[in-house]
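*Asks:* If you look up Swiss-Prot, you'll see H42 marked as active site. Under the heading active site, proton acceptor, Swiss-Prot lists H88. According to Swiss-Prot, the ATP binding site annotation covers Y45, K84, D491, G528, on the basis of sequence analysis. According to Swiss-Prot, the feature Mg(2+) 1 binding site maps to E86, N529. Here Swiss-Prot flags S87, H88, N89, H90, R109, Q237, E309, S310, Q311, S531 as substrate binding site, drawing on sequence analysis. Look at Swiss-Prot and you will find D110, D265 tagged as Mg(2+) 2 binding site, backed by sequence analysis.
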Amino acid sequence: MDKETIKAHKISDEEYTQILEILGREPNLLELGVISAMWSEHCSYKSSKKYLNGFPTKAPWVIQGPGENAGVIDIGQGMSAVFKVESHNHPSFIEPFAGAATGVGGILRDVFTMGARVVAGLNSLKFGDIHNEKCGKHQKYLVKGVVNGISHYGNCMGVPTIGGECAFDECFNGNILVNAFALGICKSEDIFYAKAEGVGNPVIYVGSKTGRDGLGGAVMASDSFNEESKSLRPTVQIGDPFSEKLLMEACLELFKTDYIVGIQDMGAAGLTSSSFEMAGRSGSGMKLYLDKTPMRESGMTPYELMLSESQERMLICAKKGYEDKVIEIFKKWDLDAVVIGEVTNTEKMELFWHDELVGLIPIEPLSEKAPILNRPISEPKYLSEIKDYKFELKSSIQELFIQMLQNENINNKAFIYDQFDSSVQTNTIKADGKLGASVIRIKENGVSVAMAIECNSRLNYVNPKIGAALAVASAGRKVACTGAKPLAISDCLNYGNPQNPEVMWQFAQGCEGIKEACKELNTPVVSGNVSLYNETEGVSIYPSPTIVSVGVLEDANKTLKASFEKENLSVYLLGESLGEFGGSMVMKIQDKKVSGSLKELDYKAELALWDLLYKANQNSLLECANSVGIGGIAMTLAKMFAISSVGANLTSGFDDEKMIFDESASRAIVGLSKENEETFLTLTKEFGVKAYKLGVSTSQKHFKLDSIELNKAELDKLYFESFQEQIQ
C-alpha cells in the first residue's frame with residue numbers, strides 16, 4: 001500500500017503498523033477504507049475516550065447508559081424516556097441546509113432505533129459575529145440555512161422542536177456548532193438494542209437506497225478546516241425527511257413484533273460502523289454480500305457501499321425464518337428491504353462481492369479496541385493573561401441595560417423558533433420563547449418531562465473545568481425551575497484540534513468538570529457525543545460542552561411557567577450574588593473582552609435550590625420561576641417581564657449597581673402571591689436558601705429595576721424586534 005493512499009485515509013504510521021499486526025498482511029483499499037473510518041476520531045473517540053471513562057453513568061432510574069444509540073431513563077409507570085444530543089458541525093458549515101437537516105435526521109434515528117417514538121427536539125446553535133465586515137454576511141447565510149434545514153426535517157417528520165439556544169461569537173467565525181437533541185418515549189419493556197447474535201440469523205438492510213453522498217464523512221469530521229475545505233460539499237449527506245418518516249413508522253410497526261434480535265441505524269461511516277458495532281457488541285462475526293445492497297447509482301464499488309453515509313437507512317439482525325415477515329413490513333411502507341448478510345461465529349467481518357471474498361477483517365480490534373491516544377496536554381498560556389482582569393462599570397446603567405437586552409446573545413429569537421413546529425403531536429406544555437426549560441406532557445402516564453440545553457462558551461474559555469460544571473448545573477437548574485426533578489444528562493463536547501496540547505488540556509478539564517458536577521448533582525451521563533477538530537486555519541473555537549438535562553414532574557398540571565401573569569405578585573431572588581463577572585456578557589458587551597476568573601461551584605447550594613423549587617411547587621406556593629443566567633438578574637427579569645402581561649417595580653438592594661449583571665450560579669427568580677409568602681419563606685430557611693424580595697408585579701405597563709426605567713412597549717420592542725433587524 002503506497003504512503004499517499006495511507007495518508008489520504010488519515011492513518012498514522014503507528015496505526016498502519018497496528019493494522020499490519022491485526023491482519024497479518026497488507027490491507028487492500030476496501031479494508032483500509034473500513035479501518036480508517038472505524039478508527040477515525042468521529043467513530044473511535046481515540047483522543048477523548050480516556051477522559052470519558054470516569055463519567056458517572058448509573059442511578060436507580062438509569063436503564064441504559066452510554067454505549068448504545070441513545071440513553072434511557074425510567075419516567076414512571078412502566079414508561080421510559082430515550083434521548084441523546086449529537087453534533088453535525090462540520091457538514092453544517094460546509095452546506096448549512098443539508099448539514100443541519102441530516103443532523104436532525106441522524107439524531108431522530110438514534111432515538112427511534114431504540115424502539116421509542118420521538119416526541120421532542122431541541123438544538124444548540126453557535127455562529128460567528130454577524131456584525132463582522134468580512135464574514136458577517138456569510139454568518140447570516142449560515143444562520144438562515146441551518147435554521148431552514150432543522151425546521152424542514154423536523155417539521156416534515158412531525159416531531160416538535162420545542163426549545164434551544166443560539167449564541168454568537170467571533171470564535172465561531174470559522175466553525176459553527178450545530179448540536180441537535182431528540183427525546184422519545186416507549187414502554188420500558190419494549191427497548192431495542194444494537195446487537196447481532198445467533199449464528200445463521202439474517203442481516204437485513206432497510207430504508208433508502210445507497211448513493212455516493214456522505215462518502216468519507218466520518219473522516220472529514222475528524223479533521224480541521226482550511227482553504228481546501230470548500231471542495232468538501234460532496235461529503236455532506238443529503239436527507240429526505242419523508243423517507244425517514246416512513247422508516248420510523250415501519251420500525252415502530254416492526255417493534256410490535258418479535259421478529260428481530262437487534263437494530264442499528266447507519267450513521268457516521270454508514271454500513272461499516274453499523275455492521276461492526278452490532279457484531280462487536282455481541283462478540284459475533286458477520287458475512288455481508290455487498291452486491292445485494294440497494295444502490296441509487298450505477299457502478300458503485302464495495303468501498304463506496306461500505307463507506308457511503310446516505311441517510312435514512314438501518315441494519316437489522318432478524319430471527320432466522322422471520323426475514324420475509326420483516327421485509328413485508330418495510331415493503332408495505334414503500335422502503336427497500338433486502339437480506340444482505342448473516343451472523344457467524346468467526347468474530348470476523350467477511351465482505352463479498354458477487355461471491356468473491358474482497359475483505360476479511362477481525363471485528364473486535366476495530367469496534368472495541370481502537371487505538372487510544374495519549375495526546376500531550378498543557379495549560380493554555382492565555383489563562384494567566386486574562387485571570388486577573390476585573391470588570392468595572394464605565395457607562396450609564398440604563399444604556400448598558402438597553403445594549404444588553406438587544407444584543408443577539410440575549411434578545412428573543414422568534415425569527416428562529418417561529419420556523420419550528422412546536423405543537424405537533426399536541427404534547428407541548430412549554431416551548432421556545434417561554435424561557436428556561438421546555439416541557440412535554442406524557443399522555444400515557446400523566447407526568448411531564450422537562451428538558452433544557454445549555455452551553456456558555458465564554459465561561460468555558462475562562463475556566464474549562466468550572467465552565468463545564470456550570471453547564472451541567474445551569475441545565476439542571478432550568479429543569480428545576482419548571483418544578484421537575486433533574487434526573488440525567490446527555491452531553492455534546494465541542495472542542496478544537498486535539499493535536500494542540502492546549503486544546504486537549506481544555507478537553508480534559510471540561511471532562512473533569514462534568515464528572516464532578518454530575519456526581520455531586522446526581523444527574524448521571526446516559527448518552528453523548530464528542531466533536532473535535534472545530535478549528536479553521538489554526539484557530540480553534542472556545543471550549544463548548546453542550547449539556548442537556550432531562551427531568552420529570554409527576555403531575556404535568558403543576559408545570560411552572562417563567563412569566564408573571566398577575567399583578568401584585570411578590571418577586572424574589574433566591575440564592576447568593578457573589579460578584580461573578582469572569583466571562584460575563586456585560587464584560588463582553590462593554591469591554592469587548594472575555595477575561596477574568598470563575599469561583600468554584602457550590603454544589604450544596606445548587607442542590608438546595610433545586611430541592612426548594614421542587615418542594616415549593618409541590619405545595620403550590622409558586623406562580624412562576626426562572627433560572628438566573630447570562631446578563632444576571634437584570635436580563636433574567638427583563639426577559640421574564642417582556643413575555644408577561646404585567647409591569648414591574650423592583651429594587652435589587654445591591655450597594656454596587658453593576659451587581660444586577662453579576663452571573664453567579666445557583667440563583668433563580670420566583671413569583672408568588674402574597675398569601676403564600678410566609679409559608680414560602682419558612683421553606684427557604686428549611687432548605688438553607690437565601691431569599692431576597694425585589695418588589696412586585698404591577699398593573700402599570702412599566703418596567704423599573706433600581707434606576708433603570710422603561711415603559712413596557714420599549715422593553716418589548718428591544719427584546720422582541722431587535723434580532724429580526726440584525727439578521728436581515
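Any Cβ shown, glycine's included, is placed from N, Cα and C.
For the listed features, I'd like the structural context: burial, neighbours, distances.
*Replies:* DSSP assigns H42 (active site) to a helix. Cβ-based neighbour count (10 Å, all protein chains) for H42 (active site) stands at 27.
Reduced to three states, the DSSP call for H88 (active site, proton acceptor) is coil.
The 10 Å shell around the Cβ of G528 (ATP binding site) contains 25 further Cβ atoms across the protein chains shown.
Sequence-distant neighbours of E86 (Mg(2+) 1 binding site) (same chain, six or more apart, CB under 8 Å from its CB) are G103, G106, I107, D110, N179, A180, F181, C492, N529, listed in sequence order.
DSSP assigns Q311 (substrate binding site) to coil, not to a helix or a strand. A simple way to gauge crowding: the CB of Q311 (substrate binding site) has 29 other CB atoms within 10 angstroms, across all the protein chains here.
The DSSP secondary structure for D265 (Mg(2+) 2 binding site) is strand.
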*Asks:* With a radius of 8 angstroms around the mean position of the C-beta atoms of Y45, K84, D491, G528, what other residues of the same chain does the ATP site pick up?
*Replies:* L52, P66, V85, E86, S490, C492, L493, V525, S527, N529, V530
*Asks:* In this structure, which of the binding-site residues N89, N529 has the fewest other Cβ atoms within 10 Å of its Cβ?
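*Replies:* N529, out of the binding-site residues N89, N529, has the fewest neighbouring Cβ atoms within 10 Å.
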*Asks:* Give me the largest Cα to Cα distance among Y45, K84, D491, G528, the residues the record lists as binding ATP, in Å as a whole number.
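*Replies:* Across Y45, K84, D491, G528, the two farthest Cα atoms sit 17 Å apart.
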*Asks:* By CA-CA distance, flag whichever of K84, D265, G528 among the binding-site residues is nearest to E309 (substrate binding site).
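*Replies:* Among K84, D265, G528, D265.
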*Asks:* When the Cα of H42 (active site) is compared with the Cα of each of the binding-site residues K84, S87, R109, D265, D491, which one is closest?
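*Replies:* Checking each of K84, S87, R109, D265, D491 against H42 (active site), the shortest Cα distance is to S87.
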*Asks:* How many neighbouring Cβ atoms, not counting its own, are there within 10 Å of the Cβ of H88 (active site, proton acceptor)?
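*Replies:* Its Cβ has 31 other Cβ atoms within 10 Å.
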*Asks:* May I ask for the distance between D265 (Mg(2+) 2 binding site) and H88 (active site, proton acceptor), taken between their Cα atoms and rounded to an integer number of Å?
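*Replies:* Each residue's Cα considered, D265 (Mg(2+) 2 binding site) and H88 (active site, proton acceptor) end up 16 Å apart.
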*Asks:* In which DSSP state, out of helix, strand and coil, do we find D491 (ATP binding site)?
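*Replies:* DSSP call for D491 (ATP binding site): strand.
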*Asks:* State the Cα to Cα distance, in Å, between R109 (substrate binding site) and G528 (ATP binding site), rounded to an integer.
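*Replies:* Rounded to the nearest whole number, the Cα-Cα distance is 15 Å.
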